[in-house]
Amino acid sequence: MNTALAQQIANEGGVEAWMIAQQHKSLLRFLTCGSVDDGKSTLIGRLLHDTRQIYEDQLSSLHNDSKRHGTQGEKLDLALLVDGLQAEREQGITIDVAYRYFSTEKRKFIIADTPGHEQYTRNMATGASTCELAILLIDARKGVLDQTRRHSFISTLLGIKHLVVAINKMDLVGYSEETFTRIREDYLTFAGQLPGNLDIRFVPLSALEGDNVASQSESMPWYSGPTLLEVLETVEIQRVVDAQPMRFPVQYVNRPNLDFRGYAGTLASGRVEVGQRVKVLPSGVESNVARIVTFDGDREEAFAGEAITLVLTDEIDISRGDLLLAADEALPAVQSASVDVVWMAEQPLSAGQSYDIKIAGKKTRARVDGIRYQVDINNLTQREVENLPLNGIGLVDLTFDEPLVLDRYQQNPVTGGLIFIDRLSNVTVGAGMVHEPVSQATAAPSEFSAFELELNALVRRHFPHWGARDLLGDK
């Protein structure tokens, strides 16, 4: 058994008291990212090891695995704690996103270990989409690399405001303060171009040796700041969705018998209470909240992030994908939007193409009207392109087949985040963050139907020798 866990349970006075204490601890979701071989998996392994979150049988298995697959010689290869796929162990890299849970006396944590290779950027974006803080690892020998910049930009694009720059492998540069200072200045120069008001902190460490991870390093007396664990335990996270207006996307209509009809989902933002007047979009029909049903029984109110079932006083037509909000809020449905896109498919994104779109439980179709620009990761400049390649990041104009209720992603990730789905293979090919919904008054009318634009794109792609012109022209 985990001796640290057993001690915590004993200190709390039993399992039940310990579980109650866990419920009242704050939860921090964070990810580790950065370039390949910067030590992301090793850092997580070190955190788990030094906070005594590893069971004795896991530690014994780790010793055996280190002998077979380890890359650290005679030392424990802590990366094997999170690199679970056979291909990951054989190559010594991370491919998939690995999630791990651990807790200390002050906080609970969910870690997403993301891959560093460029071809797995899509996996990194997936891991970052649910996190509140990013640990960006930099190899002290290499400094700031392209993937460091790419992952920094993607993290901020996905709404992460807290960045911890962990300058790793300090043991390989003799724990040099000069190296730490140089990399710190290089990153700050780059970070000045990142969007948003960011909280950036720097920690010099060695994940392999444990310096400044969970305990202060004796090898770096020149550093008097907090350890990485202290930063994670004390950082204050301001959840944007708590202060935003109520948004409740309906995920499921619960009708177990003739006497009950409820609308299940997760409250995306704000709060809702019994008796509140709500409006259903896109229909615009209004009703009152009669009950708030949860697994633990009825509640008088609920808050952002809670899974609930709402029962209304009136039997009205509500289906999956509809949105409930406060009745006094005017939120118009839109049919166009500018969207920040992280493209994840080998086939590039081009104007004129159509995709299935899924957003907040609703599935519809969207046409790409044009690509405004692609972001150059090296210097964050914008350049005009005809298509968006694999791992490309850019701003795209979309037109939807039906009116949708959208928020800007930075205000509400649930009603502002979407995925692109290939209509033939049903594969997710891109992730989108609503930059700005376009009202009907400002949307430019199209003289061509969606079918005509899609057929035109198909002909130009597969029969270029026909010389068909682009119906979208310079868009």
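Backbone N, Cα and C atoms are what each Cβ position is placed from, and that goes for glycine too.
As recorded in Swiss-Prot, the features of this protein are as follows:
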BINDING   34-41, 113-117, 168-171  GTP binding site
DOMAIN    25-239  domain 'tr-type G'
REGION    34-41  region 'G1'
REGION    92-96  region 'G2'
REGION    113-116  region 'G3'
REGION    168-171  region 'G4'
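Sequence features, as recorded in Swiss-Prot, placed on the structure.
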residue	record	Cβ neighbours (10 Å)
Gly34	GTP binding site	28
Asp37	GTP binding site	18
Lys40	GTP binding site	30
Thr114	GTP binding site	27
Met170	GTP binding site	27
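Note: the region 'G4' (168-171) comprises 2 helix, 1 strand, 1 coil (DSSP; helix = H, G, I, strand = E, B). Taking H, G and I as helix, E and B as strand and the rest as coil, DSSP gives the region 'G1' (34-41) the counts 2 helix, 1 strand, 5 coil.
Within the model, the region 'G2' (92-96) carries an average pLDDT of 48.
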